[in-house]
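Engineer: The structure follows.
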């Protein structure tokens, strides 16, 4: 289902109009309240700049953290407003609340081209409840709605879905449009062979993705802690590694489905095991059928990396979601980092490489190859749900393309 986008609105449509833009500024802060990664803020800049340069009054709305429906001082958007102001090279007005008389007055005083950031929308419980009156109050601040928050598009909240009942037009911003184009095309119309790399600790959190990808891809490479559930399902001893005992039958059925569909399903052949879950653990590499009792697998081994790289070599499209090991610990980050470098090499050869949100994004950034990927998704849960073939409420609520 194609949606109307910001590109369909000209400067004449936008000049002097109040445009409510849902952005995803849920960025990480350090202990001193300083932003440690401004990727999500930067990702929204093309939409903000286009609106501002077209003479619109730009009103940004975002959530930040989980304040549970009440104001929390450490979750105010002040550091975000400061960083955005630096990136835009102009002042950004931050309101003291997302709705109400104060916000209304500050928006009313806004001149064409100016940018206003509303205070954390989740300070109101009505946001996550998709309350109609709250949505109406947000909508009253604007004439036009733009959703550029892919990271929150899988939520039916007041600022992502409810407001669209009271504003028109409602369109996708540049970031949301790009996300949908890349992820949808990768699933619906990929250049083949298409490989999917799925990692992370639990099969349970990736069931939907694996099942959908088995219908779409030519090769499925599995890494991360979830591999041990597959091994145990095959009758192997996994030592003290993480296993979801209640998912053994599911693992067997996924392996059977891959075989039935002719999908090459690759599991690691060796793993790096540790005597404890810690950065300074004793570690060694063993074959998957030789994990010692009491030791736990925390990364894929060098033979597995080689095998994965060989499987990926001829692929024209690759989707990656989830790390190969516990990459927060340097000695167990080798597998994840090797896959990141391998994908950068594939991009250089003309393949389409898509990093589907979450920890995989942190991995390619840590290795310094983020700019060499075709597309890096800004949404964790949203990209997973899109890859699962689900309809995202924040997208469904937008106007259909003419």
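Cβ atoms are placed via backbone N, Cα and C, with glycine included.
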Engineer: Name the residue, out of 18, 40, that Swiss-Prot lists for the same substrate site as 24, 25, 26, 63, 64, 65, 66, 122, 155, please.
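Structural biologist: Among the candidates, Swiss-Prot records only 40 at this substrate site.
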Engineer: Check residue 297 (ATP binding site) against DSSP and tell me helix, strand or coil, would you?
Structural biologist: strand
Engineer: Near residue 63 (substrate binding site), how many other Cβ atoms are within 10 Å of its Cβ?
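Structural biologist: Its Cβ has 27 other Cβ atoms within 10 Å.
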Engineer: Fewest neighbouring Cβ atoms within 10 Å: which of the binding-site residues 122, 206?
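Structural biologist: Candidates: the binding-site residues 122, 206. Fewest Cβ atoms within 10 Å: 206.
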Engineer: So, three-state DSSP: helix, strand or coil for residue 65 (substrate binding site)?
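Structural biologist: In three-state terms, residue 65 (substrate binding site) counts as coil.
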Engineer: If one looks at the chain holding residue 65 (substrate binding site), which residues at least 6 apart in sequence have a CB under 8 angstroms from its CB?
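Structural biologist: Set apart from residue 65 (substrate binding site) by at least 6 residues yet with Cβ under 8 Å, we have 26, 72, 74, 75, 120, 122.
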Engineer: Of 297, 328, 359, 360, which is closest to residue 63 (substrate binding site) if I measure between C-alpha atoms? They're all binding-site residues.
Structural biologist: 359
Engineer: Which of the listed binding-site residues (24, 328) has the least company, meaning the fewest other Cβ atoms within 10 Å of its Cβ?
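Structural biologist: Result for the binding-site residues 24, 328: minimum number of other Cβ atoms within 10 Å at 328.
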